[in-house]
Amino acid sequence: MIELHQVSKSFNVNGKTVEAVKNVSITVEKGEIFGVVGYSGAGKSTLVRCINLLERPDAGQVLIDGKNLSTLSSKELRVARRKIGMIFQGYNLLKTATVYDNIAKPLKLEGVPKDEIEIRVNKYLSIVGLEDKRNNYPSQLSGGQKQRVAIARALAHEPEILLSDEATSALDPETTEAILQLLLKINAELGITIFLITHELDVIQRICDRVAVMENGHLVEQGTVLDIFTKAKHATTKRFVGSEASFDIPQDLLEKYIATGKLVSLHFIGDEADEPALALVSRKFDVLPSILAGGIDHLKNGTLGKLLVHLKGDEAEYSKAIAYLKESGVVVEEVELL
C-alpha cells in the first residue's frame, strides 16, 4: 500500500520559491493501478518522485506498507527502494550495453548472483516479449521496444510497486496501446501495484482503477475512473473528461439548440450502454430527442457510452423524461454554455 499524507514539495527557482506539490494526500491499495492526470506544470512528476524519495518532501509523510520512508537510514532506504521500480518517458538505457546487459548490470551492482541474474533477465525479457532482442543495442530498437527493455529492467528487481512517469507520452498510439496492455498484464499476473502519471486521459481510462486530478500542485479531485468520467465536479476535471462537453460542436450551433430546448450529456454505464433507454423516451413522453454527437469509451472495468442530445418539449415533459433516464441508470447532465 502507498500512503501519501499531506505531502508538500517546493523548489527555489531564480531566487523564488515554487510550490510544486501542496498538501497532497492519496492512498493506493495493494494491486491497484492508480493514475494521476494533469496539465503540464501540475506537479505530477514531482509527486511521483516523492514516493521513492527521489524528491524528498518538505512536509508530510510517504508510507509504503505502513513504513515511513523519511525516517529510514540511507541503508534502509536503499533496501526499501528495491521494492519500488520506476520507468520514465526517456527510457534511460545504456547506449553501449546490450539489452541483456541493460537489465543485468543493475542486478550485478546489487550483488545478485550470476545464475539468478540469468534467470531473471530471461524471465522478464519473456514477459515483455523481447527474448529475441537480448543481444541487440538500444540503437537497434524502436521506441516501444526501448520502453519494454526499461520495464523489464524495473521488473528484474522484483518490485512490489511500479512507478510510471509519463512512460507512454513519447510513443505513437499503436505502441502506446501495446505498452498499456503490457502494464495490465504485469498488474494481473505479477500483482504489482502501479502508480502512473500522465497528461493523456486515454491512458487513465484504458488501465486505471482510480484516478486523481492535479492542478498547480493541488489535488483537486479523485475517485474511480467511472466516477471521474461521469460525475466530474472540478473545472479542471471537466476540461479533461469533457463532461460539460460540446463534442467539438461550434458554439453558435450550441446556442441555437439551447434556445430551442434542452441540451443534455448522457452517459450509459456498462450494460446500460446497450439499453434503448433514449429510444423509449419519445414514446413515453411528449419530447423529441435529437442525437447531436456520441461515442463509446472502453474503460478498464467496463464500457461507457456518451451522447450529446437535444430534447425539445415543454418543461414538465422534459422533467419526466430526465427522471425516466436517471431511473434507467443513465447519468444525465444538462449542458450549459461557458
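Glycine is no exception: its Cβ is also placed from the backbone N, Cα and C atoms.
Feature annotation from Swiss-Prot assigns ATP binding site to GLY38, TYR39, SER40, GLY41, ALA42, GLY43, LYS44, SER45; the stated evidence is sequence analysis. Under a cutoff of 8 A between CB atoms, and with a sequence separation of 6+ in the same chain, the neighbours of SER40 (ATP binding site) are HIS199.
Note on the domain 'ABC transporter' (2-241): mean pLDDT across this stretch is 94. If you look up Swiss-Prot, you'll see 2-241 marked as domain 'ABC transporter'.
Taking every protein chain shown into account, GLY38, GLY41 are the binding-site residues, and of these the Cβ with the most other Cβ atoms within 10 Å belongs to GLY38. DSSP gives SER40 (ATP binding site) a coil state; it is part of no helix or strand.
The residues near the ATP site, meaning same-chain residues not in GLY38, TYR39, SER40, GLY41, ALA42, GLY43, LYS44, SER45 whose C-beta sits within 8 angstroms of the mean position of the site's C-beta atoms, are HIS199, MET214, GLU215, in sequence order.
DSSP gives SER45 (ATP binding site) a helix state.
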